[in-house]
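Participant: Before we start, here is the structure in question, set down as structure tokens.
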Amino acid sequence: WKPLEDRCCTDIPWLLLFVLFCVGMGFICGFSVATGAAARLVSGYDSYGNICGQKNAKLEAIPNSGMDHTHRKYVFFLDPCKLDLIHQKIRSVALCVAACPREELKTLSDVQKFAEMNGSALCSYHIKPSEYTKSSDFCPKLPVPASAPIPFFHRCAPVNISCYAKFAEALITFVSDNSVLHRLISGVMTSKEIILGLCLLSLVLSMILMVIIRYISRVLVWIVTILVILGSLGGTGVLWWLYAKQRISPKDQVLPEQLQIAEDNLRALLIYAISATVFTVILFLIMLVMRKRVALTIALFHVAGKVFIHLPLLVFQPFWTFFALVLFWVYWIMTLLFLGTAGSAVLNDQGLVEFKISGPLQYMWWYHVVGLIWISEFILACQQMTVAGAVVTYYFTRDKRNLPFTPILASVNRLIRYHLGTVAKGSFIITLVKIPRMILMYIHSQLKGKENACARCVLKSCICCLWCLEKCLNYLNQVKYFKNKSYTFKDSFLIS
């Protein structure tokens, strides 16, 4: 049992396919940048196709186009919270203004004073500031919320958190309960300091846990085992106690309209109590049959603790992976934004200008979405294979003094030289499973409340089966990564 010495490149056709796919992603990025007009993305444009902050050319058959907005650098929406949640678009007239209203404007007189003092007209271009109080149809919805320009993107964004929640609801299409999302976003914004503190606390505790595993692995395993047993027993006992208490409670004190609810609750408690009992019995049987495997678990924890002691850089490996994912996600979002401004100007049903791509190129965003999943899984798989190579190098080196200077860098070197094709193949298999599951989840969210019970059951069953298949394939991929990085399949199966 030792790492392979004579290596060769694995799954070369898959690496070539992945490279060609990345070339396609680069083509989409280049096309979106070339045709998407970076000025439209950064500076923004009004509802007539004029880019803010510059002099524009006249667009054919587009009214109010070709205006000089040199001194109007910000995009202002007359009704920023007017959204179309079906098509995820802002259904508000956008204008180029010289300044964003920093304070709330409650009346048209306030809007008129703001235009006269700041030279920033918040009503339609064809209305003079002196006529604002007479033409309310072409002015912003009152009251005008206080707003501030978004850094680098020159959009007047409302300070009110409710509008941000609605923007998120329009973007996240697979969430069906918008009110829940609204409360979630509001809760995150109000508790962001606590969330950040808990994240840092979890990081510190995880570091402490790795040190504890190194020295008291035997005690830790037995503590976890005892806590699981006591927890299952306690939970089962509490459920049966609640069931018995609910059953013997007098029913004549329950209101007639709440009688059915009480019966449903009693039935639910009985089901939960029986399920907990079955789980506890199965857990006891497993503990009884596999009690000798506890020693193996303790040995594995002990080895894991030694790995982190001898390979301290392994602790920081997830940070590099997260950093790579963030860089890719930023690139992906920027390309998506450029795609949103690509194409030619057309008028929608409200007479506002939209930029759309015609022909087969309008389906490029599907390719872009597949690239998000495949390349993200590729980055995660590279981390798994890097960790696998570093760990098996440590494990199979009998004399730890002969370890490479940096086993992680050596593992990365072997990954790049020999096994990128295997990583591309494994990540593509996961992508093939994830895409149908995401499509089914989207269909389920769109049809919630409209489909019958049979269709709902079939959809949930398909989603569950695809989730299980994805987990199994993830496990098989990890075994394959261990095989390619170190030793024969027989040995990798024994270690797994």
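One is the number of the first residue shown, and numbering goes on along the chain from there.
The backbone N, Cα and C atoms fix where each Cβ goes, glycine too.
Quick paste from TrEMBL:
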- 12-34: transmembrane segment (TRANSMEM)
- 194-213: transmembrane segment (TRANSMEM)
- 219-243: transmembrane segment (TRANSMEM)
- 269-288: transmembrane segment (TRANSMEM)
- 294-315: transmembrane segment (TRANSMEM)
- 322-345: transmembrane segment (TRANSMEM)
- 365-396: transmembrane segment (TRANSMEM)
Participant: State, in range form, which of 12-34, 194-213, 294-315, 322-345, 365-396 has the highest count of Cβ pairs under 8 Å to the transmembrane segment (219-243).
Facilitator: 294-315
Participant: Using a Cβ distance cut-off of under 8 Å, indicate which of 194-213, 269-288, 365-396 has the most pairs with the transmembrane segment (322-345).
Facilitator: 365-396
Participant: Within the same chain, where does the transmembrane segment (194-213) have neighbours whose Cβ lies under 8 angstroms from its own Cβ atoms, ignoring anything closer than 6 residues to its ends? I mean 6 or more beyond.
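Facilitator: Result: 188, 220, 301-302, 304-305, 308, 315.
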